[in-house]
């Protein structure tokens, strides 16, 4: 269970994984990207969560591909899976909650299946991966690009954000992941909502909170990361903080800035560098990192202070394999 007696926060799972990985663990890569490579059609407000309804076996397949590539953490397919989102498709609350539970179960079953095989391989360099339950921002649910602007409007306050996240958080925690991953948080208000909700619900599995960034300097809302980190630093329930779904050329300087402002582990999993137009729902041409660049920059990000490194949109198992290869080679 994720909620137990007060004061029994189970941070050790995350700390131990980082230690077993030699100081820097590998996070998986783009989930929707890989689903699409396998033929899934996810141009939908539910995005990759649509496969929880239509193609759950494909979700397990993608998890297994990332595990084989060397991921130490696999993130569930629940980023855009929300109770109101499922209900808008005609599902009952019970059915919607069951799909959230399934997102965790799929990842756990894939991890356990892979590990039962991998641990028997002579000379394997795998760790038993942790499962992180993905919790996308309020803007991800809106599917209007606001996770890249932080502009939720004056009617969205702290209590509304907590109410939005609360039941989903409860269901995901009860499903039994090892970690919680709050992703593409665009403003200080939602970061505060996440921190307060973890306290109010007495969540004892470790969490990370990742922001996006569109300028490499601030949160998408324009608020400084220093302001955002001040909120997170007060929480003992958040074990790591960082950046996801931002261009990779922002990452090094942001790690350096975060290291000056927090003692928490730093997690980074940028996209390929291509730019997503959240309004037009398409990728815009841009100079992007290939897998060779991720291999080179992974060591720089680690040396700058990152403890968890992976990829986000438009990255693949090949990207994760490149990251894993260089990080694990240097410690073997």
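One is the number of the first residue shown, and numbering goes on along the chain from there.
Backbone N, Cα and C define each Cβ position, glycine as well.
These features come from TrEMBL:
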- 13-327: domain 'Hcy-binding' (DOMAIN)
- 245, 312, 313: Zn(2+) binding site (BINDING)
Spatial neighbours, same chain, of residue 245 (Zn(2+) binding site) - Cβ under 8 Å, 6+ residues apart: 183, 184, 210, 212, 269, 270, 271, 312, 313
Its Cβ having more other Cβ atoms within 10 Å than any other among the binding-site residues 312, 313, the winner is 312
The domain 'Hcy-binding' (13-327) [mean pLDDT, rounded to integer]: 92
